[in-house]
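Annotation comment: Swiss-Prot describes 49, 60 as active site, proton acceptor, evidence class sequence analysis.
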């Protein structure tokens, strides 16, 4: 059983829902990520999604795009992300960490450190998987990897105790859901809005209608993200989903903070979300 699976099982036994905050690695300061991750756990986070900066993030809205651009400017790449996870693991060996990003940084890392050029785009990615596992990563979400081409990658991750997570959207067909169900593990991330991260207001009724359709195909937990900006919305989504995922709002709150305030501001916000989820 992976750490992510164990986390969801424990939460289910407690009658609680998972709080999954997202932050871009190396944002807003290159050295702050491990401390920020610890702050998230202190505030009640159950799983942490750590964004891998990329220069062409097609699914991200302007807020997370800015975060990625700043992190790239600070020299944050995949090797630095692994280092940040290792630093976090020195004090926390239990909270699952999921890397969320795009194919290009994964493949670039593989070409430098492994045999990626020979394996093909969605190969087993052995060097990436090896080093992710060694760093203490628990799951990977690659936005632009199609599930039908990820059998080897998923098997490689699972062999090292990691999960491969996929997105589903309001436009996802039954066929797509079935394809995702074949290879996904850990949880599925349901994108509650059409468009990019941080866009629009979440429609709870639409989410309520979609989740039973997803669960006809997917037997693992379903987390909902995109458009969750406050405790009331998080509480409403927590009543129907297995996890609440919050990213853009956290980035907005910390992007202009001075170094000393980044962690306290994040803790304060997430404590409010946690309290609402547990109410």
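Glycine is no exception: its Cβ is also placed from the backbone N, Cα and C atoms.
Under the DSSP three-state reduction, residue 60 (active site, proton acceptor) is assigned to coil, being neither helix nor strand. Cα spacing between residue 60 (active site, proton acceptor) and residue 49 (active site, proton acceptor): 14 Å, rounded to the nearest whole number.
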